[in-house]
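Student: The structure that follows is given in the form of structure tokens.
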Ligand code: FAD
Ligand code: SIN
């Protein structure tokens, strides 16, 4: 008989959003923390550049708000942005409380800068900020005896009755059994969907599971067309998904063509530190005009010891591939990096479904609008995890017992056609890269929509016939999320922020969100 678990709070995802939510919840609540892979795996672990906050006496909240709003291109929600920015110093303090040691310059934070910021305000731990955050939050979580960890457990679907969330069905990847997790409150903290693209800076976990589950549960999904492409991922046949942090440009790194000629001044006065949409499109244009495989990022003019001290991870990685970044320029290309849209929430992380919350990259809180400013994502994870946990803590006395029936696997068989799953996975990612990328057109979007609809039908058939597996769960979510991205992109008949359609190159006067809800 498959297991049935009962918890006060179920948290799906152990990135910075999930871990911080768990830590901030009252010690009186029983909490299940679920990860579909290793507990530390997820985008959070790989974050390099840092986390933004007003920490310098010459900086101020108004400027951080303004920079974020201006990057968001008319779709940023000012109230949500102000909330995030004003809570940023406290977010840094909470991380330090968990043991994160930010890089210091004498007694002050060493603050770096990245695209869109008009002031140095990015606190960091050399170039491994995410790793330090994850290791320290995880240590704190393990010390709490009200939190139970479930590694290698992948959520399939939320348990919904009368628009109220009762937990989730979750596949135990160790036993291949589907277990029911019944909870009073559920927090989705499953990260983004950049694996929908062939080339991405993200780890394998970013398959849009939370967005797809929430959509099927009738949550409001907002602004999915805004996929952020990071301008500089390492271009090398043996480097899978390795990012070259924007902080390297913040410290003066120049983008150049193979002949050493700089080009960003031709596109934007802020040159290498223009927001990411502008830099990624500029690189994409150079690659297409000159028929290049990549462009180059040059920091070699800096002293070798300085480079090794500030960017130790990048230095070592490149060195392992035969690139000495103190001598050679680094080959780079843009790749899918961040999902700006997602499950719509309010400032407490609440979705439109009762007792269901979404926090972190999976959520659309309004703080990123049409483009996310660098290093505002970890900040969003920490700030909104805290407000979500506080909201749940305030209601904990009214929790009621819930029930749900077991998963029924009596009508499905073991598949002998697993090749179908891997083929469709690959096809979706190629469609998205080729037709729904940095520069879009009506025709390419329509083609993508047509083929994704067919794939959706094929996946639905397969899902009904065969026993569930981790790859199948992700495939089902990947195609659903890809469709949401394309549907949103088609409905936006303008170019704004990260969404550029060459058939609608102008930005409309009125800025409106793209809102989707399953009927
Ligand atoms: P993640 O950290 O991605 O965690 C998702 C969790 O959900 C994982 O535990 C995963 O196993 C789990 N999960 C997913 N689906 C399921 C399921 N179905 N069932 C069970 N568990 C599931 N942002 C910044 O602000 N500053 C930076 O310097 C920065 N650098 C970055 C560098 C890289 C290489 C990348 C990829 C991103 C970077 N970002 C940065 C973005 C930022 O790291 C992410 O947006 C943020 O960490 C997301 O955190 P999260 O907790 O929402 O999701
Ligand atoms: C980077 O370090 O360039 C990534 C920062 C971010 O995604 O915010």
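The backbone N, Cα and C atoms fix where each Cβ goes, and this holds for glycine too.
Bear in mind that TrEMBL entries carry predicted annotations, made automatically and left uncurated.
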Student: Region 'Disordered' per TrEMBL sits at which of 476-497, 498-519?
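Tutor: The range carrying the region 'Disordered' annotation in TrEMBL is 498-519.
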Student: Within the region 'Disordered' (498-519), how many residues are helix, strand or coil going by DSSP?
Tutor: 0 helix, 4 strand, 18 coil
Student: What does DSSP say about residue 276 (active site, proton acceptor): helix, strand or coil?
Tutor: helix
Student: Over all shown protein chains, what is the count of other CB atoms within 10 A of the CB belonging to residue 276 (active site, proton acceptor)?
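Tutor: If we count other Cβ atoms within 10 Å of residue 276 (active site, proton acceptor), we arrive at 26.
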